[in-house]
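Notes follow once the structure below has been shown.
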Amino acid sequence: MKGTTAVALGSLLVGATRAQAGNGVIQWDIQKRQQPQDFTRLRKRASTFEEVVTNEDTRGGYFATCRMGTPGQDLTLQLDTGSSDIWVPDSSAKVCRDVNTGGCTLGTFNPSKSTTFEVVGKGEFDISYVDGSSSTGDYFTDVFEIGGANLQNMTMGLGLKTDIAYGLVGVGYALNEAIVGNTQSAADAYPNLPVNMVKEGLINSVAYSLWLNDLDANSGSILFGGIDTEKYVGDLTRINIYPTQNVFTSFLVAMTSLEATSPSGSDTLTSQKFPIPVVLDSGTTLSYLPTDLAQQVWKEAGAVYSPEYQLAVIPCNMQNSAGTFSFGFAGPSGPRINVTMDELVLDLTNGQPPVFNAGVYKGQDACEFGIQNFSTSPYLLGDTFLRSAYVAYDLVNNQIGIAATNFNSTKSNVVAFPSSGAPIPSATVAPNQNQATNIPSVASPTYGASAGFTDGVGSGSKSAASNMPANTHWLGLFSLAKMRVIRAVAALNSCAVASRQGVRYLGLGCRVAVDNAAPTLRWTSCQIAGRRHFSGSFPMLAAVSAAEAALKQAKDLAAANMTPEAAAARMTPEEIKRLSRVRNIGIAAHIDSGKTTVTERILYYTGRVKAIHEVRGRDGVGAKMDSMELERERGITIQSAATFADWPKRENGVEEMYHINLIDTPGHIDFTIEVERAMRVLDGAVMVLCAVSGVQSQTITVDRQMKRYNVPRISFINKMDRMGSNPFRVVEMINTKLKFPAAAVQIPIGSEKEFEGVVDLIEMRAIRNEGQRGMNIKITKEIPEELQELAQQKRQELIEKLADVDDEIAELFLDEKVPTNEQIKAAIRRATIALKFTPVFMGSALADKSVQPMLDGVCDYLPNPANVENVALDRTNNEASVTLAPYNSLPFVGLAFKLEENPYGQLTYIRVYQGSLKKGTYLFNSRTDKKVRIPRIVRMHSNEMEDVAEIGAGEICAVFGVDCASGDTFTDGKLPYSMSSMYVPDAVMSLSIRPKKSSDADSFSKAMNRFMREDPTFRLHVDEESEETIISGMGELHLEVYVERLRREYKVECETGQPRVAYRETITHKTEFDYLLKRQSGGPGDYARVMGWIEPNPENSEENHFESKVVGGTIPDKYLSACGKGFEEACAKGPLLGHKVIGTSLVVTDGATHVTDSSDYAFNLATQLAFKKAFSEAGGQVLEPLMKTTITAPSEFQGNILMLMNKRGTIIDTEVGADEFTMVADCSLNAMFGFSSHLRAATQGKGEFSMEFSHYAAAAPHLQKELVAKYEKEWEAKRTK
């Protein structure tokens, strides 16, 4: 291809077949012809969905010359691998008689001139495309001729009413036929072209291969029923096609690697999307990859992209580049296809090429780059890739064979498929395809190949892409009236990509493939509606109504220019600055580490409170964030509390104001749901650790929660003024116990009572607090002499730790260069946001020391909302993941993460992920689809409220008057999105409860409903047998608090029963059973016989498993499902205590039925009774919950604690510090009731403990006997009532 000549944007015409019918193959030779284009349509930048289609309409497809009817009528039809119908425009169609458009120049069909024409579906042909074009008419049968090979009875569509001037030949999967979509039944699928070829004996298997020559050539071939071994080089490798909704509808394969190679080196390109679902699509001109991967390709090749023009372009002389891209498929051992640059550089026009008029490419001809970006899966590999790949499509075995194209081959060696279902000839299976789902590590490439791509291809191109700033408007075109060439894919949140003739728009309905009989992939695989878009709904091909909604939304978004990219381009400097200064953080830690005290200092130093009040202060006021009376009395945080503050931070001599939304979370394990819901919506967190105790039990739980929600954190070692404080031991514990890379960015000045400040290891300066309550910061360059050596040592440790997690620092470290302060700060921020590192700060909140430097660290190292990827689920696309962008101009998406009762009504806390929220606007609840008005928006400051009229993207607020549940998603109605819910742990303790006075029943019921709505871990049910009301929660303290809240807030005095432990039951060995149920009453009786065995589940000790191994049909399938349900019901209430049965497997091997007396009910009951009888014989036993218990107390009480714990559990670990010790034990929950009183007595009130569920284990034999006897006694008492 020459850079100054026009790309042949014309059609590929199919000539006469060379291989005759009957020898197992049919080959079409294809020719490329020049087709004139009206480029005036390109002068307008596409700003709507339809204009994107119109612009791409100028690109040609592949066209086949065929003959239809008797006598034959010649037509040229577009060949389409993505659809399945053959349809032709009727000669009387209005579009064919329109002289203004030129009519149907590729031919029409006149039914009246064919003697073999027969209508088989009057008015049943109805097909429409996503660009709004359509064709309707009749289904008919007639002769269809392919270069002398005749199909006598081919079903086709006749376009009586059509606005498309040519017809199509679909050769894809038959389930893409229009009739299937219209009738919603797969049974209506008729034999399409390749299937009919098999039926007529022309080919042996539903398969074909495609050879496209290089961009300069004008020949190629499509071979039905076989392959041509002379058209490829190397090995032809078979790889799997992946199904969607367990149905094969498109050529979806796994792309697992991409490498760039040039004379200067090689790079492995990476993407968060690997393995990438890609569709091999011959109807697409360009190839479309995930944005992060496409950007790396552009940087390697020297292509540049402008948001203004939505197009990646490249100098035309780059067609001479020596660089190549290697695409890998189906895992590390799969095939690779190399694509050279001369296949990737395409002309933009067929006349004078446009020219760059700015940047380092100024004066050079501009061409379109063959690899563009796209935002959602599946991605597309079109002609720019397929010209380099010889592909055989096997629609029977659902595989493709792929090899490198042998360009300009003049030889031929055709090998036919020997039979239907035979594998692709001469092809070998790619080994280890199960590894295609492995997720590779993601790291930035070194771009060592980049220089080799641009060397020797013309001046001005070398390293151009890397030398320009990111916000440069790359392309200025002065030719063609400064036309603006637009990219085919407008990076919509839908999966829309281009047009009928060029890149097609794809309507997607996504779900995870679960068919074990077919290959599956990690990604959310997608149903491709292809070029067509039907008005009906067909469950096997995804909900079309959802697809219509998604496409309509895509059009609306495009028309309104509402894509995230467009919104980012439109952001004002003020909005960009506002977003960069927002921090949404949480304070989390083990109980009594000083979280609330730290928060109190943050509020004081930022001016949110005028005076400091301590958690257990003598003034009785209590900390601001502990607004509940119970919190102030007990000195613990029970509910998470939100506030906001502005922190002025000096940067480069200028004071910048940061807006911080802050949530203070509880430290006690019983209130862990408060931490869960906070971490779900926060962008960053401050993990507070005690300088003496370091990493404690709840610290580990909080670390697990931060990792679950991918929350970056900085660490703050508090209580540096306590005796025995050792911050470097704590840093080591973060590295070893939490297995999270950490390094100190400060060292203390003084220790214990002598603690007076910190040394900043980055700036190498001393920081001390002065003035009332440490309000003023004194910074000096002089580091105390005794600390200088330690400071240098710890600074070097910081750099070494950063070198382990950051590539830039690693390079400097290996080169033995000292990084600058700015480089260190930038590396800490990168590594922190990437969840690879946590910087560690030090101070004492109670002593008012070194809290402000930690606040500076929040601003420096924690992300703003734009730095964090937040994902929603597209409900119209089978919950495919969609990335949200925190821009005010986009449609609103928010999550209700916390509910709270208020004198003014329900208060709903909302995190705004996208768009803005204004007072008085209407929102839609994605769960209920109800429309709600927002009458009032407030910012929360603990229990105080500040009214606001509007809240921006990335912020946290609260609203009144919204009836919803915790975890509900709200949108403004423009997007069909919902967001994933938070993790809710199971309850571990229950107790019975009832109001003392019957008159309090209404208040009691109202309180229970409120508590359950606010707290997902608080549950209530009524026991069917005892008719008692049972409440369940996370522990003794959790339930105790709610009982106390009933008394205080609702004036309801309650009586509670003995706490109930959530026991489980299981079996210990295998036992066979043979149970006959035979009962006769006045009418039909019950008869069922089941045989088999029960045994412990070897795969999962927490799950139950039912399996049928019945042979010969002795038990019909309908009764086997009843057996399975009976097993589930039996496990729901075990024989020993009535608790759930776990870790049990039941296998049915044989049985018997009766002609009239057998039923679902009989087999359900027989299975339950058989299970109950066999349970005791299989060694049934009771399992009790063991709690991981952590006790901290002064060392002098270690002996007392050992005596207490020896009676209650097994001691796992003991750690003795300077003045206190920590003991970890697995304890029976049943033995821990009332333990807090015993601990106070044993430690003179100085000990503390926390518990969290660990696992289930067999109860002691004597306890089992007691529990079983008690249960049987209660059961007998109820039975005799």
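Including glycine, each Cβ sits where the backbone N, Cα and C put it.
When TrEMBL is consulted, the disulfide partner of Cys316, picked from Cys367, Cys495, turns out to be Cys367. Annotated by TrEMBL as coiled coil, the relevant range among 704-731, 788-815, 1040-1067 is 788-815. Summed and averaged per residue, pLDDT over the domain 'Tr-type G' (580-866) gives 89.
Considering only the recorded positions Asp281, Ala589, Asp592, Lys595, Thr665, His668, the residues lying within 10 A of Asp80 (active site) on a C-alpha to C-alpha basis are Asp281. Between the CA atoms of Cys316 (disulfide bond) and Asp281 (active site) there is a gap of 25 Å. Distance between Cα atoms for Met720 (GTP binding site) and Cys367 (disulfide bond): 63 Å, as a whole number. In terms of local Cβ density within 10 Å, Lys595 ranks first among the binding-site residues Lys595, His668. By the criterion of other Cβ atoms within 10 Å of the residue's own Cβ, the least surrounded of the recorded positions Asp281, Asp592 is Asp592. Residue pair Lys595 (GTP binding site) / Asp281 (active site) shows a Cα separation of 56 Å.
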